[in-house]
């Protein structure tokens with residue numbers, strides 16, 4: 001049996017080698033590749049590694065992987081978000097790259113040329129320009145949605161089991177001894193995804209920017225592991241842990257767990273650095289040197305420049321929020337409530353932890369109650385989408401799965417999975433968050449301890465203010481729910497955005513139409 005398996009593997013390797021060497025018509029193969037990718041105008045960017053072409057497309061739905069695999073020159077093909085990887089082998093990849101670039105840059109339709117798949121280039125003030133970062137963010141996060149929703153639901157269960165006052169005066173996991181182990185496992189399964197989020201985001205972000213996604217994951221893992229390797233305690237944050245001295249510069253070992261923006265920015269730089277090394281290194285050395293040099297340069301920049309700058313911006317924004325709340329009162333509460341979903345969206349809400357700890361030490365924090373109201377507003381918007389999606393079971397179940405974690409303090413699945421993708425529920429949730437934040441600020445509701453910023457968070461509110469917290473959060477959820485339903489039924493863009501839910505963000509911006517089965521209505 002083992003001898004037969006070894007012989008089979010040798011035959012497959014021989015056939016693949018023969019298949020690669022037998023390529024004598026690169027031009028014809030490139031024609032087939034372009035056709036399978038949806039035409040030259042569907043290509044946004046082009047790159048390659050030692051064995052694969054890496055192509056970012058405008059409309060992923062137009063890629064025909066079956067047609068790619070029928071080409072005699074293609075040894076394999078895979079698609080991650082908007083990036084298509086085509087394996088052609090180390091002896092052929094340079095020839096294919098040159099032919100593709102000559103065809104795209106020198107032909108009738110250069111890279112990014114306007115076609116049906118890609119709208120004409122808009123002016124800098126056109127709304128499409130401002131929505132492009134959202135499209136990029138959704139391309140990066142969309143592949144992670146199943147993991148985020150699953151982790152959010154598990155953390156919601158853990159919060160229910162560990163929060164006091166939900167099933168009695170003591171947490172359920174303490175009242176029922178055998179639930180302690182269950183709560184620990186459920187908490188680990190849920191928290192692991194969010195703690196290691198930079199690893200997952202690094203993978204999909206690198207793929208989106210045309211780099212090796214595994215290098216992006218490695219960079220994200222390095223950012224997560226750095227505080228532990230440098231001696232910083234878990235969750236220490238900037239300035240409280242260890243670090244290094246690099247070329248005379250003191251570099252803090254910042255805790256990047258749960259962050260999004262630093263690793264996205266680092267992955268973008270990694271893609272640029274990898275392209276430079278691919279041009280500089282030739283031959284067999286490329287396979288060994290390019291990944292190492294890319295990770296070394298991009299990782300160093302991430303630790304020394306990108307990460308600290310992103311953290312500094314987050315801290316500065318947190319200080320600005322504190323000053324605005326202190327000076328403006330009710331208006332400051334409304335402003336913070338409106339901005340909180342965007343802080344979660346970018347991961348900069350992690351920078352509020354140090355500010356909140358200081359406020360708790362002084363007697364109470366306004367951040368926790370408003371964050372809870374903002375999370376419940378996301379839940380209300382998701383439940384509004386459930387009402388609108390009566391003819392779309394998949395969207396209905398997805399909205400329910402994203403809304404439930406938001407009720408118990410985990411808003412990422414709701415934001416990335418529903419409200420940001422559909423846009424108008426995000427606007428409704430922001431309005432609801434602002435209203436709830438204004439009410440909570442007017443009532444001077446404060447938290448006296450940390451907890452889950454949702455329904456169970458009432459246990460963290462100062463004694464005597466629990467009912468006011470639930471009232472303010474309830475107003476946020478109800479307003480977001482009502483506005484979402486009204487906008488979905490009557491708004492000029494509501495039905496179109498709902499109907500486009502099944503279409504990837506980049507395809508949606510290119511004008512692709514959903515299938516008849518995906519069209520929604522009241």
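Just so it is clear, glycine is given a Cβ too, placed from its N, Cα and C backbone atoms.
In TrEMBL this protein carries:
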- 27-110: domain 'PTS EIIB type-1' (DOMAIN)
- 49: active site, phosphocysteine intermediate (ACT_SITE)
- 136-158: transmembrane segment (TRANSMEM)
- 148-503: domain 'PTS EIIC type-1' (DOMAIN)
- 178-203: transmembrane segment (TRANSMEM)
- 215-236: transmembrane segment (TRANSMEM)
- 256-273: transmembrane segment (TRANSMEM)
- 285-311: transmembrane segment (TRANSMEM)
- 323-345: transmembrane segment (TRANSMEM)
- 366-389: transmembrane segment (TRANSMEM)
- 395-419: transmembrane segment (TRANSMEM)
- 426-446: transmembrane segment (TRANSMEM)
- 466-490: transmembrane segment (TRANSMEM)
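The DSSP breakdown of the domain 'PTS EIIB type-1' (27-110), given as helix, strand and coil counts, is 36 helix, 22 strand, 26 coil. Listed by sequence, the residues of this chain that lie at least six past the ends of the transmembrane segment (178-203) yet keep a Cβ under 8 A from its Cβ atoms are 80, 140-141, 144, 147-148, 150-155, 157-158, 161-162, 172, 213-214, 216-221, 223-224, 256-260, 262-264, 266-267, 347, 410, 412. Counting Cβ pairs under 8 Å that are 6 or more residues apart, the transmembrane segment (395-419) and the transmembrane segment (323-345) reach 3 or more and are in contact. Across the candidate stretches 256-273, 366-389, 426-446, 466-490, the maximum count of CB pairs under 8 A to the transmembrane segment (323-345) is reached by 426-446.
Residues of the same chain lying 6 or more positions beyond the ends of the transmembrane segment (466-490) and with a Cβ under 8 Å from any Cβ of it are 337, 369, 372-374, 376-381, 383-385, 387-388, 424-425, 427-429, 431-433, 435-437, 439-440, 443, 445, 455, 457-458, 498, 522.
The list of residues near the transmembrane segment (366-389) in space but at least 6 beyond its ends in sequence, with Cβ under 8 angstroms from a Cβ of it, reads 325, 333, 336-337, 340-341, 344, 349, 352, 355-356, 359, 395-396, 399-400, 402-404, 406-407, 409-411, 414-415, 418-419, 422, 425-426, 428-430, 432-433, 436-437, 440-441, 445-447, 450-451, 453-455, 457, 460-461, 469, 472-485, 488-489, 494, 498, 520, 522.
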